[in-house]
Amino acid sequence: MTSRPRCIPEFPLLIERVNSFCRQESLKWNGWGFRDSKFEFDAEGSGMFKGDRYLLSGMLPNLRSFAESIEGFKVNDKLQGQGEIPSESLPKPVTNEGFFNEIRQSGMSFSLDGQDRLFRAHGHTLQEIFILRMGRFDRIPDIVIWPECHDDVVKVVEAADRHNVCMIPFGGGTSVTNGLECPKEETRMIVSLDMSQMNKVLWVDEKNMTAHIEAGIVGIDLEEKLGKYGLCTGHEPDSCEFSSLGGWVATRASGMKKNVYGNIEDMLVHVKMVTPKGVMEKNCQVPRMSTGPDIHHLILGSEGILGVITEVTLRVRPIPPCRRYGSVVFYNFDDGVDFMREVAKQRCAPASIRLMDNAQFKFGISLRPPPSSMWASLGDSFKKFYLTKLKGYDVDQLAILTLLFEGTAEEVAAQEKRVYKIASQFSWREENGQRGYMLTFAIAYLRDLALDHHCIAESFETTVPWDRVHDLCRNVKERIRQECKNHGVKNEPYLTCRVCQSSHSYESIENAARDEIIAHGGSLSHHHGVGKIRKKWMRSTISDTGYETLQSVKNSLDPNNVFGNKNLL
């Protein structure tokens, strides 16, 4: 049974957006991103990125040789996973007639369709994608509901509490912490509360430079709507095409340009959250309040266990008139880390600064397009000759750093002067880092290619003090190699590190890597959150007293465990 508006595109094809009711029509059901965008090898074995949405699109002549250099990657042997799972093979919905009747009478859009339910049953961890390709979920949501305003959410939460229903908020579906996974043992009706229809910018205050926004809006749409006022948030996580504002707040997200714009908590002025005990919010929207512990910090990072974030007020800024990219080549990874430390010390970091180790550098080379002309090919050859023969760089040791400068032309020129002056002590400067920066948006598609060809790929992140960066990167790589051997993995793992300013066997290996990170003073997470995948470390991370305090808040706001996704605790 389905009750929802007809799908009508809101934007022209050039800036086509995901249809929020029928997401599975434009997004992959068993992988990352758009259906028409993916890495693959053609019939002749040549690498390419299909689709025209990304700068990376087109033929990639070096991709095959790179893939063949990875042990276990089988270019000519594509793993055949299962086809799209038919609705009749999915778990039958559990129904709560009292709740269902209230929703039906409310006039809110809802769906009991199997594909709608399956699409909102998971995020994007390796485990979840593997299940989609090879197995079945034991439990998926029983109904999807699309509220259209804050008051709709209040009605749904009150009804769920009244009828003892479990609710899991759904934003963009990009969780990489098993945060959207339905608990197997949950016997109550599970509601996926899809926030995508709450996607409006409610008001913009150009005098105070704030904007009040519904929490279901996706990042790229938010920037487009603010752009009509000449404004932006500057919050640009790797997932900004798909992730939502409410999800950013719920996971304490960070973006690629945090050096200038801050993390989500730095942009937050006001937030409204609906809990089973009522609406939690402050009484005014001001830059700062000294009124005891900040309730915003109960909402930030709450990961859907306390309530539903419905509206957010953010600080906004004028769109920067000047944007310039750059890159810097280092003799080795350690030099790059030392350079970044000096930039931090002098407090002159540009909007984005990312250091890639040699393995990631080689991977980046494999994604270069064919030379546009004979002269471009000669230029690349000369550059390689200059770096290796005249400057003494070793292609098996060098590291590369990408830069993004934003601001007025004068500000950008001043930033470039300071940063490149520091770089001159360590490295050789490149002129254009745009392609390296933009690779971020396509790189998530690589895991699907790996899975297609008998490999698994995953990433995880942390924060660590500067004096432990070298040891952490080295020791975590070594720990992963050792754990792979311990678990009978025959092939050498391909491991890379990137430093930014500021299966059962796989799960065991990842857990060991996280133990190693924590042992070297790293954090449990910098920006992905905790979810279920990391919650076993929560008590040791925030102390017994901190853990029990968080549990007490949960019990007070949600005594019937309406928000029973079992994240964090």
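Sequential numbering from 1, following the chain as shown.
The backbone N, Cα and C atoms fix where each Cβ goes, and this holds for glycine too.
Listed in TrEMBL for this protein:
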BINDING   169-175, 251-254, 303-309  FAD binding site
BINDING   ARG447  substrate binding site
DOMAIN    137-319  domain 'FAD-binding PCMH-type'
SITE      ARG354  site 'Important for enzyme activity'
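All features noted in TrEMBL, drawn onto the structure.
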{"residue": "PRO169", "record": "FAD binding site", "Cβ neighbours (10 Å)": "28"}
{"residue": "GLY172", "record": "FAD binding site", "Cβ neighbours (10 Å)": "25"}
{"residue": "SER175", "record": "FAD binding site", "Cβ neighbours (10 Å)": "29"}
{"residue": "ALA253", "record": "FAD binding site", "Cβ neighbours (10 Å)": "25"}
{"residue": "GLY304", "record": "FAD binding site", "Cβ neighbours (10 Å)": "27"}
{"residue": "GLY307", "record": "FAD binding site", "Cβ neighbours (10 Å)": "27"}
{"residue": "ARG354", "record": "site 'Important for enzyme activity'", "Cβ neighbours (10 Å)": "21"}
{"residue": "ARG447", "record": "substrate binding site", "Cβ neighbours (10 Å)": "20"}
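Averaged over the domain 'FAD-binding PCMH-type' (137-319), the predicted model has a pLDDT of 96.
Within the set of binding-site residues GLY172, SER175, GLY304, GLY307, the entry lying nearest in space to ARG354 (site 'Important for enzyme activity') is SER175 (CA atoms).
Rounded to a whole number, the distance between the Cα atoms of the residue listed as 'substrate binding site' and PRO169 (FAD binding site) is 26 Å.
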